[in-house]
Ligand SMILES: NC(=O)C1=CN([C@@H]2O[C@H](COP(=O)(O)OP(=O)(O)OC[C@H]3O[C@@H](n4cnc5c(N)ncnc54)[C@H](OP(=O)(O)O)[C@@H]3O)[C@@H](O)[C@H]2O)C=CC1
Ligand SMILES: O=C(CO)COP(=O)(O)O
């Protein structure tokens, strides 16, 4: 299978996925709004800030002009940070209309839009009408760019309400080290993908505070329980949360030093102020915004999410972390069967 693909967003994830798609035999145009980064990718085949010490295929061409990047695209893959998806989708819609295209849309971002609390497939559907596109699919799962760059074994999910679109995505990405499953539960996959970043922040913080493995396992397990409560309130399939986009992604993000969310939590746990952590990271820490949306959604939908609430209060309401942990531990005793 060989296609013309536009990849939008040249951070660590967008750039390595673009490289993988080139290696799979596709004709890939990678777009970034940063002209300097485009110049570096095209002249040196590197992307030092986002994926240090990696050399990209010389067949991968980067563009800073969005319309040029979209010429001939049969598939458009969005991999910009969550809060940028809508602002990128608007000009994409105009360009694909002008160019007379009707591409498949895929996104690989993990978050909930601030203020609207929409999932990203919903944001794309709002900005790009069905008349201008084929079905939308979502890729998600335990997959750090740094390990994909090393061709380490990686398994992800391609979710779409349209099986043919999910299978199309599966075929585009599959290779010897990258295996893709289809899934029809877009809601569950997107909610799992977005909310695991909150748990990764919490797991990093526990590490920074000096807590041990029991505490981290407890956070991941009970975190997954509340993610699935919120997800099923929207109609997600509960089994999705024990799949790649649920428990799989929680394991990788909440235990790995590759995770920006985990690293941010770890620094916060050691007492580094939030703005310093964000500035030093220089890359997107999705959990910091998703926790606001999840906190509001939990309130709106009357879903109990005590861990999300505690992390929100520590980050944005100056609650002392030790007090937040004490409150969680002193909650009334529950049955694990009533989740
Ligand atoms: N990294 C990973 O391993 C994985 C990441 N993801 C998800 O993929 C998404 C992207 O992450 P990742 O690539 O890691 O992020 P990075 O922070 O590495 O890169 C983000 C890229 O998007 C650019 N960008 C920022 N704002 C805008 C905007 N408004 N319009 C256009 N481009 C913009 C950034 O440019 P600049 O910095 O110059 O502003 C940068 O090039 C996230 O949702 C993340 O959760 C999913 C799976 C794995
Ligand atoms: O989603 C990811 C891995 O599956 C990447 O996580 P971070 O954004 O925390 O680095």
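Glycine residues also receive a Cβ, built from the backbone N, Cα and C atoms like all the rest.
The record from TrEMBL ties 9, 10, 11, 12, 13, 14, 260 to NAD(+), and of the options 125, 145 it ties 145 to that site too. Going by what TrEMBL states, the sn-glycerol 3-phosphate site holds 110, 141, 143, 249, 259, 260, 261, and the candidate of 59, 67, 196, 319 recorded there is 196. TrEMBL names 12, 13, 110, 145, 260, 284, 286 for binding NADPH. Of 50, 177, 181, the residue it gives for the same site is 50. Residue environment of residue 10 (NAD(+) binding site) contains 29 other Cβ atoms, counted within 10 Å of its Cβ in all protein chains. Here the CA atom of residue 50 (NADPH binding site) lies 10 Å from the CA atom of residue 14 (NAD(+) binding site). Cβ-based crowding with a 10 Å cutoff singles out 249 as the top-ranked of the binding-site residues 249, 286.
Among the binding-site residues listed (13, 50, 260), 13, 50 have a CB atom closer than 6 Å to some atom of ligand 1, in sequence order.
For the pair residue 10 (NAD(+) binding site) and residue 196 (sn-glycerol 3-phosphate binding site), the Cα-Cα distance reads 23 Å. Cβ neighbour count for residue 12 (NAD(+) binding site) (all protein chains, 10 Å cutoff from its Cβ): 24.
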